[in-house]
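According to TrEMBL, the features are:
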TRANSMEM  21-42  transmembrane segment
TRANSMEM  68-89  transmembrane segment
TRANSMEM  101-124  transmembrane segment
TRANSMEM  130-150  transmembrane segment
TRANSMEM  157-176  transmembrane segment
TRANSMEM  188-210  transmembrane segment
TRANSMEM  240-265  transmembrane segment
């Protein structure tokens, strides 16, 4: 069992060797670049190979319109911010502080796998392999969920870049890709299912906000809900989906503010008195102890 723990890249460790940290530095940067370049390229370019007709990411989005179609501008901005947060996380691997480096290295294997799975998803999605791309998203959802619950108390920049923003996107993308995958996206049954399942975004977001005080997850999901709402409103004004999306966005945003402001100002709650600072605020866990 000890041997398995030693060779398992996803095992939780208190410290890392110089060799493993160097490996995390190289692979994190390379896979991050792979993920970014692939996403940026296929934002506007269609593949020229493949068995099925290919298209760019956003052409697929609008060509296969569904109840989970995203707004290209808002979600693209989300991607830009997420990639910047991921680069900030990667920079922690190059820190001169050993504690920071070990914390960043502890989530490195999951981060590298996330980048590789995101690359695979893009390559499959733009080539219209929607079933396989859905499977990739589900695998990555389990990867990131495992990361979240096993490494929930690292600093905000490690958590946001490597965990919460990629996990929020993957959760929403499962519905988006899944809606494209099923036939007859415009049917009444498909619209009813979309009207029901959209509320899972609210439940999922409130789960992390209420239980873990995770304002980064709440804000990420509120942005993606706004993207969904704008896309649905632009397509069909008289419909429930955009109303539900904006309602979810508003509730998540307000809940996020109610959690984030006390965390930023050192208060026990939104209206409470300011706490005396304890230790280094940057090293304080983002999430509450449970």
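Backbone N, Cα and C atoms are what each Cβ position is placed from, and that goes for glycine too.
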What else in the chain is close to the transmembrane segment (240-265), if you only count residues 6 or more beyond its ends and a Cβ gap under 8 Å?
67, 191, 194-195, 198-199, 201-202, 205-206, 209-210, 213-215, 218-219, 221-223, 225-226, 228-230, 232-233, 272, 274, 286
Paired segments the transmembrane segment (157-176) and the transmembrane segment (21-42) in contact, 3+ CB pairs under 8 A:
no
Hey, which of 68-89, 101-124, 130-150 has the most Cβ-Cβ pairs under 8 Å against the transmembrane segment (21-42)?
101-124
Given a Cβ distance threshold of under 8 angstroms, which distant residues of the chain, six or more beyond its ends, lie next to the transmembrane segment (130-150)?
10, 12, 107, 110-111, 113-114, 117-118, 120-121, 124, 162-164, 166-167, 170-171, 173-174, 177-178, 180-181
